[in-house]
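Listed in Swiss-Prot for this protein:
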- K13: active site (ACT_SITE)
- P114, V115, A116, G117, G118, M119, A120, G121, G122, S123, A124: ATP binding site (BINDING)
- D156: active site (ACT_SITE)
Amino acid sequence: MTSYAITAVASSKVNLHLGVGNARDDGYHELVTVFQSLSLHDTITVTPAADDMHDAEDQGIVATLSVSGDSAQAVPTDATNLAWQAAEKMYQAHRRNGGAPAKRVHIAIDKGIPVAGGMAGGSADAAATLAAMAQYLGNTNTEQEILSIAAELGSDVPFTYLGDTRLGTGRGEQLVPVLSRGTYHWALAFSAQGLSTPEVFRKIDQMDRQPHLDVTALNAALITGDPHKVAAHLHNDLQAAALSLRPELRTILEQGRAAGALAGIVSGSGPTCAFLCEDAETAQAVAAELSVHYRTAVATGPVRGAHVKGH
């Protein structure tokens, strides 16, 4: 066990392609998606709870959890938080593997990823907690065990743990690497109010639509490293549902393209709008133009997934 704070980076994501098939018996939808990990991130710090005298065997490994940064008040600080659940599952696996009892921890989350914004902020926090707890517990769990825990926590957690550019199938948790050249530059526009992922999926189930499940052209474009070619193949089946629930997103997409973006797309279930740009300068210009009316940021991808700082 360590006696010092461990800080991990929780990278956000954008879906370059999100094809949504039919609902399964378990309530999930069959997905074909291409994820790209972005530099916009949260940070997770795991610290031994020095003043906590309770036994992790009886009370659980997490003593307390706090949240700071963007929209911190909207993030739960109890066991409903995925980061809390990630820590508990890691500790349980550690003990099953014969690991020694550990001192309870405090988890501090500093938010940079928008809450309920379609960029997997909660999943990324869980993934980074897995990385931090692995080090805290002495790395007694294998990578495959950690990925299995990630899949139990949520569909986006395995990708946010691994990062880079990957094809996701099943409910998004079955991942294979995608060859991608170059760095892609994004301008991001955030909405003041989040969108519920289940609500967006319920809406799409009510719509007459044809799923887009072929990513051949996008994968070929990614190999070239040409943002113009990639922009031509960005697609999100959930976008129509998100626009139906939040019609103002259509205006944001139009404004971003008019400001110079190559293409704009609703990120995941929304409401964040992501604009692929030709270069860093254009991304800055698009973000600046949109910042008159919205909160914005710039990001690059692909980047590493969850990792402990300095490792």
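Each Cβ is built from the backbone N, Cα and C atoms, and glycine gets one as well.
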Between the Cα atoms of A116 (ATP binding site) and K13 (active site), what distance do you get, rounded to the nearest Å?
13
Cβ neighbour count within 10 Å of P114 (ATP binding site):
24
Give me the long-range Cβ neighbours of D156 (active site): same chain, 6+ apart, Cβ under 8 Å, in sequence order.
K13, A120, S123, A124, G172
Here the binding-site residues are A116, A124; which one has the lowest number of other Cβ atoms no more than 10 Å from its Cβ?
A116
Environment of P114, V115, A116, G117, G118, M119, A120, G121, G122, S123, A124, the listed ATP site - residues of the same chain whose CB lies within 8 A of the CB centroid:
S12, I113, G268
Nonlocal residues around G122 (ATP binding site), in sequence order (Cβ under 8 Å, 6 or more apart):
V75, N81, L82, A83, V115, G154
DSSP state at G122 (ATP binding site), helix/strand/coil:
helix
